[in-house]
Amino acid sequence: MTNKELQQLTETISLAFFKRPFTHTARFNNRLRTTGGRYLLKSHDIELNPKQYERYGKEELIGIIKHELCHYHLHLEGKGYKHGDKDFQEWLAKTGAPRYCKTAQDEQTVLVYTCTSCSRTYHRRRKINTQKYVCGTCHGKLKFLSKKVLHQRK
């Protein structure tokens, strides 16, 4: 899907579900990692994560667009557009938009380190500089053991 097709889809959804036109820009942003999309308050544009579309398809993308359009239309009307606001939650329910999107991360990995002195194991999501950090129990040297994949998304 191109940005032009995304723009047309967003305008169509806005008219169908909100009975209001979407007059700004909707585009894909490859730098989005932990979110499905975002509404930009200053420019009123909507940015969407292309990985959500690639991984979960058009239905999930439509749900994310509806969610961001709730932010968009409520903000332009001067009503509560934040997640905790009552107006926003009512509009989510009315349009059938999801409150959260599915996760976009490919896999969840854990790095396993062990102490060379006391054999204590450490499970971390981020790398540890073994030259700088030591065991919290005995101050022994840490050694990298393995990288485990907890679960892989399909």
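Placement of Cβ uses the backbone N, Cα and C atoms for every residue, glycine included.
Per Swiss-Prot, these features apply:
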ACT_SITE  Glu68  active site
BINDING   His67, His71  Zn(2+) binding site
DOMAIN    6-144  domain 'SprT-like'
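Structure with Swiss-Prot features highlighted.
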| residue | record | Cβ within 10 Å |
| --- | --- | --- |
| His67 | Zn(2+) binding site | 24 |
| Glu68 | active site | 24 |
| His71 | Zn(2+) binding site | 22 |
Would you mind splitting the domain 'SprT-like' (6-144) into helix, strand and coil residue counts from DSSP?
50 helix, 27 strand, 62 coil
